[in-house]
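Copied over from TrEMBL, here are the features:
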{"type": "REGION", "residues": "1-43", "note": "region 'Disordered'"}
{"type": "COMPBIAS", "residues": "15-40", "note": "compositional bias 'Polar residues'"}
{"type": "DOMAIN", "residues": "26-414", "note": "domain 'Catalase core'"}
{"type": "BINDING", "residues": "Arg70, Arg110, Phe159, Arg356, Tyr360, Arg367", "note": "heme binding site"}
{"type": "ACT_SITE", "residues": "His73", "note": "active site"}
{"type": "ACT_SITE", "residues": "Asn146", "note": "active site"}
{"type": "REGION", "residues": "403-435", "note": "region 'Disordered'"}
Amino acid sequence: MAEKISDLPRGNGGETQQTDTSQKLTTNHGLPVSDNQNSLKAGARGPTLLEDFVLREKIFHFDHERIPERIVHARGSAAHGYFECTDPIPELSRAKLFAKKGKKTEVFVRFSTVAGGAGSVDTPRDVRGFATKFYTDEGNWDLVGNNIPVFFIQDAIKFPDLIHSVKMEADRGFPQAASAHDTFWDFVSLMPETMHTVMWAMSDRGIPRSYRMMDGFGVNTFKLVNAEGSTVFVKFHWRPRLGIQSLIWDESAKLQGADNDFHRRDLWDAIEAGDFPEWDFAIQVIDQATADSLPHDILDATKIVPEEIVPLRVIGRMVLDRNPSNHFAENEQVAFLPSNIVPGIDFSDDPLLQGRLFSYLDTQKSRLGTTNFHQIPINAPRCPFANMQRDGMMQTQVPEGRANYEPNSLPEAGEDGGPRAMSSGFRTAPQDTQGEKLRIRPESFADHYSQPRMYWMSLTENEQAHLASAIVFELSKVGLNHIRLRMLSNLRNVDQGLAQRVADGLAMTLPPASTPAATPIDMDTSDALSIQKRWQPTLQGRKVGILFDEGSDQATITGLTEQIQKFGGTAFTVAPKVGGIKLSEGAMSADGQLAGSPSWMFDAVALVLTEDAAARLAQDSAAIGFVQDAYAHLKAIGHVPEAKALLDRAGVQADDGTVPLTDLAKAAQQRYWDREAKVRQLA
Ligand code: HDE
């Protein structure tokens, strides 16, 4: 007997589950849908009908849900917030966002890795993008920067080569999100101009602890233009209020397994908790005379202007206080363009910047599919915008009238003549540009080694050891020996000692130095370049993992949590099981299970264990690893005396960072660099 259709199960989520407040489910064209669980069939068990327009629309849309990912900076995390001017600069720039103290401008910021795909991990060794869209009263200004102040190459024409070399190798499709392979080191060893940025990327700057703890730099030189039209060169800087902090390489590598989304989650969680990330915004103002007196060309993006020569002036702050509502609509669809500039700011002739002015606009067409990408809500200016560009795919505006050309005299007949150019609009600052047409690299760009050397000399010994070890690690993944040799030859021009350490680390003989294009000069060191010299001891933004188990003392855990929170940190409880664990009194559930919450996820750890539990956990590799790695990653370890069996099993030797629980909130504000010699052989 045929089944009665009305008796068939409807599946979950049918009409029956609707509440009064539910929005009506419709097709894309507004037709109310009665069943979102079953396709239209010829008979209860028969074939699906082509007629099923509801099914077809749903699958059709799904099939096209992905858009091409960014060729670089594909993996990113973003947030909304505001910029506030704290020290107006009308004498330097007529930009409205810098005009008045207290003036606030809405921003959207996207942080990113460079080399990996959109689904890759957050903590590889890489440069990080730091792109800010300011929705100003006079249009969007996009400051599309990085967390490293210099760039690998001097001329935009080398960008495709650089990126091809660092991305996964063309034939094999690996490695993903890693520079440790033949083609990258082949390219950089043949292009000594990359040396300065290579040094930064190989230093701890390449493995930031959090997006909230990174500097940001505009990298390219720009100009500020005041109301009279006078110009000065400018470099833009972001300085995080939490200070800069980095991971340890072993930690960042392990995090790639434990939490792919380590940085994305950290940013999201902080904002959800109302712990809003904040940066100071500073400028380096460089007039022509100062620019002429600098040892390097202001137009060369492989150089910094040391802040000891031109100090930073803080003129604003940025607060990120709202997470995206939709990852795709905002993070994926946001389109940053260095060519998005506002009156009062202008471009310099930096040949890298000049190439960028073309690339970003062009890439949006292939990524977002239409010249109308500026109408997507995340990209649309918050101020009114109007011009006579018309039509195109996905035009969502409905311009009225027939004034789609200029000039026109339609207003003389009483018709709307459309938008007109105003003399107060953006004007390129006049500049003398006479010269021969040439395809060359200027002589003033020739010195590739003085600044890498200055960078190296500015680091602490411990940071130098990290950097040397990072190069050893990367070159050890390079299969072609002649590439390693060429790199060693180049490193000799940075520092003989560095080159020797890398050679020793690889068990290779140091080859002769390569010949630099220009003789390097000695530069003063700069403490601002070192992370450790700038370390701000604070618990703010840092997370403490508290390991407990059966029988632990509830009051101790609560007291410790409160103390951590009082200092601005976050406490996260970890236990072998997440459900209710029996404590000395009552029971408590953990935030994370031990096997899934290794100590790499925390800045410090606490052990609140009974003697029995410590003895039991001393037989458990996850618990031993928890403590062993916290120790090897130079973290503070707070513990009750009863935890001794586990500490001993993990090989922990008492030092300044191993403390009673009462001292943990203070101890957890730093890493214990002096411990490193005991736990790791560095180059
Ligand atoms: Fe980019 N870069 N870039 N870049 N870049 C892109 O634009 C490019 C450079 C930076 O979160 C692309 O929309 C060229 C320097 C960031 O959406 C692309 C050159 C700096 C982001 C592009 C450079 C950056 C990008 C890919 C050499 C630091 C991510 C997707 C002339 C100042 C923005 C896109 C986001 C993205 C081209 C060099 C930073 C292909 C040709 C220098 C932060 O257009």
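Glycine is treated like the rest: Cβ placed from N, Cα and C.
This view paints the features noted in TrEMBL onto the structure.
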residue: Arg70; record: heme binding site; CB count, 10 Å: 20
residue: His73; record: active site; CB count, 10 Å: 23
residue: Arg110; record: heme binding site; CB count, 10 Å: 23
residue: Asn146; record: active site; CB count, 10 Å: 24
residue: Phe159; record: heme binding site; CB count, 10 Å: 18
residue: Arg356; record: heme binding site; CB count, 10 Å: 22
residue: Tyr360; record: heme binding site; CB count, 10 Å: 17
residue: Arg367; record: heme binding site; CB count, 10 Å: 16
Distance from His73 (active site) back to Tyr360 (heme binding site), taken between C-alpha atoms, in Å: 12
Residue counts (helix, strand, coil, in that order) that DSSP gives for the region 'Disordered' (403-435): 4 helix, 0 strand, 29 coil
From binding-site residues Arg110, Phe159, Arg356, the one whose Cα lies nearest His73 (active site): Arg110
Distance, Asn146 (active site) to Arg367 (heme binding site) (CA atoms, angstrom): 21
DSSP three-state assignment for His73 (active site): coil
Between Arg110 (heme binding site) and Asn146 (active site): CA-CA distance (Å): 11
Structural state of Arg367 (heme binding site), classified by DSSP into three states: helix
